[in-house]
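Among the features that TrEMBL reports, active site is placed at 159, 327. Annotated active site, proton donor per TrEMBL: 231, in sequence order. Annotation source TrEMBL lists domain 'FAD-binding PCMH-type' at 13-183.
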Ligand SMILES: Cc1cc2nc3c(=O)[nH]c(=O)nc-3n(C[C@H](O)[C@H](O)[C@H](O)COP(=O)(O)OP(=O)(O)OC[C@H]3O[C@@H](n4cnc5c(N)ncnc54)[C@H](O)[C@@H]3O)c2cc1C
């Protein structure tokens, strides 16, 4: 019987899958895989559902690692924290700050679970997961074996890792180990946090976290009240040559240097310039304040949100000749999205 997924995705769209199995330990997963007749290509690993757009019925077996627990181990001037894949990410951030360790404060309030954090190398306010990452444990869904991935194995990039490419769909991450600082090393380089560096006398990691939470709550819609999956598109990376051409046409273009030959554009700015901020097609909308965030105003289906996303992508392409790529995972029949104009 089809299993409901509506409460398990932050867009809040109606969706179902063939089966849903939940696990509370690595052994559980290994035992289940040993007797499982379903081909691994038919699996989809679900976390907190905050980076997904689900399209109606998905003919796959969903697996969810509800593995909990957080442990700390001192290692010189640092502390290694290991958290189960099912731990809520923000709960881990708060727990580590309560223990007096710094490192995760800039990543406060990112929705989702620990197990998904390495998949797109989550990042915010000048910090990416990979800067703190040590290793992860996973189960190979093809062999049932336990595997350890160290930093070098994960091939991290901007919102990217080996788990979105070569190893897509192959592993179920069961726990993640990160390194934290005993003596705070605060990162205040990113725009809105720069103001804090004016007076660092009483500044703590907890205060930075509080500020990140305050800024995020003022800028981003809360999925509990307005369905969304955060940034729908990645910020596009273009060559310096293309950037210089665009900059001469649009002097106010918002961009950041990635390396000597590439620039990263603010996708939200491009969408905003196309007049799409606040744009709606029925209940599918572009957020009123954050053009990069697509929202479900009530009863939008996954397909309606996808149609709107395709419209946004095509409008930006036509105006700026820049191709937007989704940051969210689109799961299900996505023909309208793959056929770019
Ligand atoms: C309001 C809002 C704000 C956001 N802000 C940010 C932000 O600032 N920075 C940022 O980087 N992201 C942000 N996101 C996106 C999202 O929070 C992250 O991508 C998060 O890591 C997704 O976690 P999840 O548990 O919900 O994963 P899901 O959405 O359930 O899954 C995402 C991907 O991870 C895979 N996956 C999940 N769990 C596992 C596992 N245990 N093993 C193997 N694969 C797994 C899934 O198969 C899927 O491919 C935001 C989202 C929202 C709704």
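Each Cβ is built from the backbone N, Cα and C atoms, and glycine gets one as well.
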Secondary-structure category, per DSSP, in which the residue listed as 'active site, proton donor' falls: strand
Between residue 159 (active site) and residue 231 (active site, proton donor), the C-alpha gap once rounded to whole angstrom: 11
Cβ atoms near the residue listed as 'active site, proton donor' (within 10 Å, other residues, all chains): 19
Pairwise Cα distance for residue 327 (active site)/the residue listed as 'active site, proton donor' [Å, integer]: 7
